[in-house]
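S.K.: Got a structure here, written out as structure tokens. Questions coming.
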Amino acid sequence: MEKGSTLPVGITQLRGVIAILQWWSFNVLVIIMNKWIFQKLDFKFPLTVSTVHFICSTIGAHIAIKVLNVKPLIEVDPQDRLRRILPMSFVFCVNIVLGNVSLRYIPVSFMQTIKSFTPATTVALQWLVWKKSFDRRVWLSLIPIVGGIVLTSVTELSFNMAGFLAAFFGCVVTSTKTILAESLLHGYNFDSINTVYYMAPYATMILALPALLLEGLGVVSWMDAQESLLAPLLIIFLSGVSAFCLNFSIFYVIHATTAVTFNVAGNMKVAVAIVISWLIFKNPISFMNAIGCTITLLGCTFYGYVRHRLSQQASVKAASTELESVQLLSVVNEERPSRLI
């Protein structure tokens, strides 16, 4: 939530609710539209869909920053664009592509549940690769997430190995992106809009050629088979616009809510997406599968709560240590004149 806000509490809370609702709306819209494109339109070209998303995000971010002045442009050194932004853009690109690939093969409910595995992959990567230690409570809070994912995977009636692997490695890439951002983007206080402004053009350049080579002929054949191209192409284009709006909404909700609210709302968002997708696509969900999804989402919420509490305790401990140092220095300074006498 924005610091130093002078708005009444009621207005601030209303802004938070509106921010969460529009975030949910764009998130569900992007997921449902992408699944509709792959399943209903039979447009089974995830690289092309991702490229359209990046193009729309590139144009949208330019308009938001350069034309509408929604956020000031954060200037980045030209050398840093190649050394820092380009590698992050590659990871960003792979992350989006894997998400779309998984949507092609597995139901939204299963894909969203697997994506909830991200906290576990983040902690595991930081421990294995970056040798970072974690409090025992963090490891314990991951047990419901892992258990829920296992139960969901075992009981998934529409299980597909390609879709499962794409979603799982999407979690790994998402975790890698989060970890790398701490080092590669160090010194740049990027918001989501500036992030898209710099990364989307690189992601477009990275993905455009593979999409053309691997899916170009298939796209042409698909277009020839359509009676009318207006409606399908409009849906694909609107999915790209919605993808940019989703990034914009993330920026808004982060500034309008607290960290705890953002965590809880994020997990509820997954639940909303699962329910709406089930109502639209009618994919079969067994009772035990639903239990697995629920355990996973509750586990993610609990994990976020644990991390927040540990962060608060660390802040209090740091503040207490600093206060003790100041008090000790004050005592030393007070004793010096008496010793001179």
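Cβ coordinates come from backbone N, Cα and C, glycine included.
When I checked TrEMBL for this same protein, it listed these features:
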type: TRANSMEM; residues: 12-33; note: transmembrane segment
type: DOMAIN; residues: 18-303; note: domain 'Sugar phosphate transporter'
type: TRANSMEM; residues: 45-65; note: transmembrane segment
type: TRANSMEM; residues: 85-106; note: transmembrane segment
type: TRANSMEM; residues: 138-155; note: transmembrane segment
type: TRANSMEM; residues: 161-181; note: transmembrane segment
type: TRANSMEM; residues: 202-223; note: transmembrane segment
type: TRANSMEM; residues: 229-253; note: transmembrane segment
type: TRANSMEM; residues: 260-281; note: transmembrane segment
type: TRANSMEM; residues: 287-306; note: transmembrane segment
S.K.: Any contact between the transmembrane segment (12-33) and the transmembrane segment (161-181), i.e. 3 or more CB pairs below 8 Å with pairs at least 6 residues apart?
M.R.: no
S.K.: Using Cβ atoms only, state whether the transmembrane segment (161-181) and the transmembrane segment (287-306) have three or more pairs under 8 Å that are 6 or more apart in sequence.
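M.R.: The answer is no, given that the two segments have fewer than 3 Cβ pairs within the 8 Å cut-off.
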S.K.: Between the transmembrane segment (260-281) and the transmembrane segment (85-106), are there three or more CB pairs that fall under 8 A, provided the residues in each pair are separated by 6 or more in sequence?
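M.R.: Taking Cβ pairs at least 6 residues apart, the transmembrane segment (260-281) and the transmembrane segment (85-106) are not in contact, as fewer than 3 fall under 8 Å.
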S.K.: Given a Cβ distance threshold of under 8 angstroms, which distant residues of the chain, six or more beyond its ends, lie next to the transmembrane segment (260-281)?
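M.R.: Tertiary neighbours of the transmembrane segment (260-281) are 16, 20, 23-24, 27-28, 31-32, 35-36, 39, 107-109, 112-113, 115-116, 253-254, 293, 297-298, 300-301, 304-305, 308.
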S.K.: As a test of reading the model: what is the averaged pLDDT for the domain 'Sugar phosphate transporter' (18-303)?
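M.R.: Computed over the domain 'Sugar phosphate transporter' (18-303), the mean pLDDT is 89 on the 0 to 100 scale.
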